[in-house]
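S.K.: One structure, pasted below without further comment.
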């Protein structure tokens with residue numbers, strides 16, 4: 001029956017439930033948002049609280065009052081309810097049902113089985129093809145109304161007997177408020193059509209039950225397996241009954257009998273019931289009883305017939321109802337609504353080109369697509385054209401494992417760093433690209449690894465698959481059916497997610513671009529589940545594992561499932577909470593429906609048990625969070641700690657060697673006297689030196705000091721020892737006397753006649769181009785023995801937090817002046833194309849500290865002018881600031 005109700009308000013016509021469902025299924029956050037996310041619930045028509053009258057509207061615009069319809073009435077069951085007086089048509093329906101029952105008992109063996117199977121398929125075809133054809137013609141041309149009128153059902157003059165019979169039949173089925181003569185012809189035609197539907201639906205149901213009974217068998221399995229099989233079957237039957245009953249409670253007879261093909265209903269919408277549990281519940285979970293009966297009968301033929309009938313029902317939805325919805329209500333609103341980013345500083349909001357999604361929108365001229373095609377062909381050929389040996393199987397499983405691990409690690413790591421620090425976007429901005437360029441590169445990488453993880457998994461399953469020798473006995477047929485079902489569920493889930501989220505959500509756009517408003521709209525599949533990909537997103541892997549029946553494929557499926565859960569738990573969920581905060585939904589449709597059903601059934605859970613479950617759940621979450629935090633902390637600190645360990649080890653070895661030298665030189669240094677050495681930084685009143693400014697150092701030493709003495713510049717803290725320098729100066733040193741170290745004598749500005757004092761100037765390459773605390777060290781002869789040290793001083797660089805171009809240009813000019821001595825600060829169009837690589841590196845290093853932005857040194861030379869570089873900085877800061885603004889805006893509203 002129809003999976004529709006009505007969309008309604010006080011001035012617009014109502015649409016079917018299936019219509020509402022379709023029109024609301026638009027728009028992967030961003031997973032909640034993979035911006036991933038949407039929700040509306042299905043609807044029911046509710047009578048006005050002040051008046052029981054419901055209004056209908058015909059296609060011609062006529063408004064009429066509908067007869068009273070008791071909410072608990074099940075009109076279709078009145079046909080076989082012996083407590084309800086029977087009309088002539090009821091007797092016809094009951095007679096056809098009894099004829100099938102009689103046919104069941106007068107036949108036996110294979111004749112009965114195939115006869116009942118034929119009866120069932122006859123009525124199923126009558127439903128999906130017969131009723132489908134009638135509704136198709138009614139939707140396009142109002143043909144059902146024309147045919148009924150043309151046959152004389154409502155023609156009192158020319159067909160008085162048929163008229164009176166129709167009148168009595170319809171009035172017997174309706175409330176006393178029903179007025180046959182004054183009701184619109186569309187409404188009366190709908191009532192006549194309902195009688196034909198009753199015949200088909202009741203006979204379809206009864207013929208299925210008889211067919212299942214005819215094929216009943218007792219498979220060879222242990223007693224416990226029989227208990228599980230039959231118990232699960234009855235549970236599915238009970239669940240199916242509840243779905244049908246609750247669906248009728250929600251949609252009533254109007255949508256049950258496809259009323260919106262004949263007229264529209266006006267009313268108020270309420271979103272509840274089974275329509276929050278699953279998409280198209282009347283056509284999806286509404287047929288769970290088929291599979292329950294298949295389990296009870298233990299017959300593969302019943303299962304096969306059930307699958308065919310269920311697929312036919314989906315075809316009815318696809319070719320009859322959905323086109324009617326699109327034609328009647330339009331399909332524009334059913335398209336996925338893109339979450340557009342904030343203004344990206346005069347950049348186009350979204351690229352005009354169509355992104356490759358799996359292999360859709362494939363472009364042979366796009367390098368990333370060509371790479372995807374070549375890798376795909378290579379991985380397929382590698383499996384198909386190799387012998388079916390253990391080595392070839394290991395190779396197939398190995399490449400599937402590698403691609404799964406690569407996809408999961410890259411997926412999780414990149415998104416995690418992007419969510420927290422915008423590392424991916426910053427990387428591309430540092431190379432002169434935009435935020436859209438960063439997102440575009442991510443989309444190509446994500447689609448490549450995603451496709452390869454699926455392709456290699458399929459090929460591994462193919463390599464490990466063995467064609468069954470017997471489909472009837474054992475679990476071969478069942479495994480294949482269940483596996484294909486899982487694969488179909490996976491495909492449906494993925495398509496639904498993409499339809500709901502669009503390109504922006506599918507490719508995690510809210511990780512890379514700021515959305516217009518951090519608010520979630522739950523539609524489509526997301527109105528039933530918060531994270532459908534959590535389990536259904538890996539269903540195909542389990543399906544292929546069942547079909548292949550290989551432990552290695554089961555392992556790969558488990559790996560895929562665990563990695564998906566891990567990314568959702570440790571990457572997507574924290575990101576969603578960071579962006580959307582209180583906007584996240586507490587309960588999904590499924591959870592809400594189950595809770596409501598539990599409350600209605602007066603099922604209470606002991607308080608102690610609730611508290612125990614809550615404690616266990618919170619403990620598990622705490623352990624998971626702590627484990628994730630520890631792993632993340634290890635990954636963040638492992639690199640620096642290893643570098644620090646190597647540095648300390650090297651320094652220790654050097655220190656031990658230099659101690660030996662110190663012992664040898666100790667008598668000589670004592671003879672010279674450390675107190676006779678002095679080192680002073682010129683003009684150091686506040687111990688601060690501007691970034692890039694030359695530093696003059698005054699020194700004095702005994703008259704008999706070594707001519708090979710030298711002065712080095714070091715970061716404070718790099719050398720724990722005050723007597724021996726343990727780290728390299730990396731070229732930042734100066735001789736104290738000329739003609740000794742020819743390459744480091746240019747910095748000498750003054751040398752006293754006695755050569756016991758002087759001034760050296762550290763500038764250009766001799767400086768540190770990083771803010772921080774530094775000191776000078778005077779060393780004896782050609783070694784690292786420290787004779788004296790200067791006072792520590794700080795190299796300072798002012799930060800600029802503004803995003804305004806003029807402010808940035810003002811802050812940038814002194815930096816350029818420091819990095820390029822002799823430039824004209826007033827010339828904002830100063831050319832930068834001819835500067836050296838070292839000078840460009842200094843500039844980008846200064847920009848990193850002053851503006852908190854990282855650029856590649858080539859960007860400076862590409863921009864060519866200070867003004868252009870300032871605009872690039874302003875643009876980059878605005879892009880990155882837009883993320884912070886969207887986060888802070890959500891926090892303020894939370």
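The backbone N, Cα and C atoms fix where each Cβ goes, glycine too.
Copied straight from Swiss-Prot:
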- 1-90: topological domain 'Lumenal' (TOPO_DOM)
- 91-111: transmembrane segment (TRANSMEM)
- 114-134: transmembrane segment (TRANSMEM)
- 135-195: topological domain 'Lumenal' (TOPO_DOM)
- 196-216: transmembrane segment (TRANSMEM)
- 217-222: topological domain 'Cytoplasmic' (TOPO_DOM)
- 223-243: transmembrane segment (TRANSMEM)
- 244-268: topological domain 'Lumenal' (TOPO_DOM)
- 269-289: transmembrane segment (TRANSMEM)
- 290-299: topological domain 'Cytoplasmic' (TOPO_DOM)
- 300-320: transmembrane segment (TRANSMEM)
- 321-366: topological domain 'Lumenal' (TOPO_DOM)
- 367-387: transmembrane segment (TRANSMEM)
- 388-394: topological domain 'Cytoplasmic' (TOPO_DOM)
- 395-415: transmembrane segment (TRANSMEM)
- 416-447: topological domain 'Lumenal' (TOPO_DOM)
- 448-468: transmembrane segment (TRANSMEM)
- 471-491: transmembrane segment (TRANSMEM)
- 492-538: topological domain 'Lumenal' (TOPO_DOM)
- 539-559: transmembrane segment (TRANSMEM)
- 560-894: topological domain 'Cytoplasmic' (TOPO_DOM)
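Walk me through where these features lie, including what they touch and how far apart they are.
M.R.: Away from its own ends, the transmembrane segment (91-111) comes close to residues 79-80, 119, 198-199, 202-203, 206-207, 210, 213-214 of its chain (Cβ-Cβ under 8 Å, at least six residues beyond either end).
Outside the transmembrane segment (114-134) by six or more residues, the chain places 100, 103-104, 107, 143-144, 193, 196-197, 200-201, 203-204, 207-208, 210-211, 213-215, 301, 305, 309, 312-313, 315-316, 319-320 with a CB less than 8 A from a CB of the stretch.
Note on the topological domain 'Cytoplasmic' (217-222): residues 229, 297-299 of its chain, located 6 or more positions outside it, place their CB under 8 angstroms from a CB of the stretch.
Long-range contacts of the transmembrane segment (223-243) within the same chain: residues 274, 277, 281-282, 285-289, 291-296, 298, 597, each at least 6 residues beyond the stretch ends and with a Cβ under 8 Å from a Cβ of the stretch.
Confidence for the topological domain 'Lumenal' (244-268), expressed as mean pLDDT, is 82.
Note: the topological domain 'Cytoplasmic' (290-299) comprises 8 helix, 0 strand, 2 coil (DSSP; helix = H, G, I, strand = E, B).
If one looks beyond the transmembrane segment (300-320) by at least 6 residues along the same chain, the residues whose Cβ comes under 8 Å of a Cβ in the stretch are 3, 18, 113, 117, 120-121, 124-125, 127-128, 131-132, 135-136, 139, 208, 211-212, 215, 280, 283, 287, 290-291, 293-294, 472, 477-478, 481.
Remote same-chain residues near the transmembrane segment (395-415) are listed as 379, 382-383, 386, 423-424, 442, 445-446, 449-450, 452-453, 456-457, 459-460, 462-464, 508, 511, 552-553, 556, 559-560, 563-564, 566-567, 570-572, 575 (criterion: CB distance under 8 Å, separation of at least six residues from the stretch ends).
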S.K.: Please spell out the DSSP helix, strand and coil residue counts for the topological domain 'Lumenal' (416-447).
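M.R.: Reading the DSSP string over the topological domain 'Lumenal' (416-447) gives 26 helix, 0 strand, 6 coil.
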S.K.: Between the transmembrane segment (471-491) and the transmembrane segment (367-387), are there three or more C-beta pairs closer than 8 Å, counting only pairs 6 or more apart along the chain?
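M.R.: Answer no, regions not in contact.
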S.K.: In the topological domain 'Cytoplasmic' (217-222), how many residues does DSSP call helix, how many strand, and how many coil?
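M.R.: Its residues divide into 0 helix, 0 strand, 6 coil.
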S.K.: For the topological domain 'Cytoplasmic' (388-394), DSSP counts of helix, strand and coil?
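M.R.: Going by DSSP assignments, the topological domain 'Cytoplasmic' (388-394) contains 5 helix, 0 strand, 2 coil.
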